[in-house]
Amino acid sequence: MWGGGFLWQWGVIDYAGGYVIHVSSGVAGFVTAYWVGPRLPKDRERFPPNNMLLMLTGAGLLWLGWSGFSGGAAFSAHIVSGLAVVNTHVCASMSMLTWTAMDVSFFGKPSVIGAVQGVMTGLVVVTPAAGLVPGWSALIMGLLAGSIPWWTMMVLHKRWWLLQKADDTLGVIHTHGVGGILGGICVGLFADPTLCKYMHVAREHTNGAFYGGNGGLQVLKQLVGALFIIVWNLIFALVILFAIGLITPLRLSEEHLLVGDDAEHGEEAYALWGDGEKIDGVKHPAPPLLQSLRSDALRHMPIAQQLCTSEQIQLLHSLAETCLYIILC
C-alpha cells in the first residue's frame, strides 16, 4: 500500500492507514482469538470494564492522538493536514452520537461503553480518507461508522457461526476490520479529485464515485485492495502463530486459567480486600482510640439497623475505620 507498492501503483488509496493498520489488525486479531481459543465460560458470561474512568481517559487520549497522525499523514502543514484533523473530529463525533442513538433505540438506554465504541469506529473509518474527502462526507462516514459496525457487532455476530467461533473480547473484527474496510470503500465514494491531485495519488484523474468519471472503478480498486490485505494477513498471522507455538504454548492450561495471574506470575494484578479475607487483629491491632470509637459505634448499631441494610452498615463501618486510620496516622 505504501512506499510505492503495487497496490499504490494500481491506484488503491489509503491516506493514513485504514487498510495498513486497521484491516490488518482486525484480521490478525480475529485469527489469533480463534487460534488461542475462548475464555472460560464464567469469564464470558459477564466481564464489565475494569475501570470506566480509565477507559474514558484512554479513549480521550486516543482521540487526541488521532489528530496527530491524521494531520501528520499529510507530511506538511497545509490545507490537507487541517482538513484531515477537522474530518477526524467530525466523523468521530457523528459516529459516537449514532452508536449512542442505536443503543437507545434497541436497548432503551445509552451506554458509556457504546459511546466509546462509536468514537473508535468513527476514528477508524475516517483514517483512510481523512485528508482526501470534503467535510460534508465526513458526516456521512460518521453515520455509517456508528451504524454498520454496530449492526455487525450486536446482530450479525450473534447469528453467524463463523464470528461465534472466535472469542473476540473487544470486538476487534468489528471496530477495526469492518471499520477499516468501510473507510476504504468511503474513499472510493467520496474522494475529491482536487484533493487527490494535491496529494499526488499514484493515478491521474482519481476521484470518488460521487464525482462521476472513473469513480466506480475506484470503488472496485478499494474492494480488491481490502480483499488482498485480508488474505495477506490471514496467511501471515497463521505463520506467526505457528512459529510462536513452536517456542511456547499459546494457551494456558485449564487449571491456570481458573487461578489466573497468580498461577503464572505469583502475584495478583489487584490485591483488594473483600474476597472473604479479613485483617488479622492480632498482628495488626487497632489503636486504643479506634477500639473505643468502635465499641461506641457497636452500642448504637440497633438504631442503625433500623435505618440501613446490613450491606450499607458494613460499608459505612469500613469507610469510618479507614478515615480514622488516616487521621490517626
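The backbone N, Cα and C atoms fix where each Cβ goes, glycine too.
Per TrEMBL, domain 'Ammonium transporter AmtB-like' is recorded for 1-270.
Tertiary proximity for the transmembrane segment (16-37) is limited to same-chain residues at least six positions away from its ends with a CB under 8 Å from its CB atoms, namely 1-2, 69-70, 73, 84, 124-125, 127-131, 165-169, 172-181, 183-184, 187, 225-226, 229-230, 233-234, 237-238, 241, 250-251. The transmembrane segment feature in TrEMBL is assigned to 16-37 (among others).
Per TrEMBL, the feature transmembrane segment maps to 49-69 (among others).
Look at TrEMBL and you will find 111-130 (among others) tagged as transmembrane segment. Counting same-chain residues at least six beyond the ends of the transmembrane segment (111-130), those with a Cβ under 8 angstroms from any Cβ of the stretch are 13-19, 21-22, 49, 52, 55-56, 59, 62-63, 66, 70, 73, 83-85, 87-88, 91-100, 102-103, 137-138, 141-142, 144-146, 149-150, 153, 171, 174-176, 179-180, 182-184, 186-187, 190-191.
According to TrEMBL, the transmembrane segment annotation covers 136-157 (among others). Here the transmembrane segment (136-157) has Cβ contacts under 8 Å with residues 86-87, 90-102, 106, 117-118, 121-122, 124-126, 129, 163-164, 171, 174-175, 178-179, 182-183, 186, 189-190, 210 of the same chain, all six or more residues outside its ends.
Residues or ranges marked as transmembrane segment in TrEMBL: 169-191 (among others). Within its own chain, the transmembrane segment (169-191) is flanked in space by residues 12-15, 18-19, 21-23, 25-27, 29-30, 33, 39, 47, 117, 120-121, 124-129, 132-134, 137, 140-141, 144-145, 148-149, 152-153, 157, 163, 206-211, 215, 218-223, 225-226, which lie at least six positions past its ends and keep a Cβ under 8 Å from the stretch.
Annotation source TrEMBL lists transmembrane segment at 223-247 (among others). Below 8 angstroms of C-beta separation, residues 1, 7, 10, 12, 14, 19-20, 23-24, 27-28, 31-32, 35, 180-181, 184-185, 188 of the same chain, each at least six residues beyond the ends of the transmembrane segment (223-247), sit close to that stretch.
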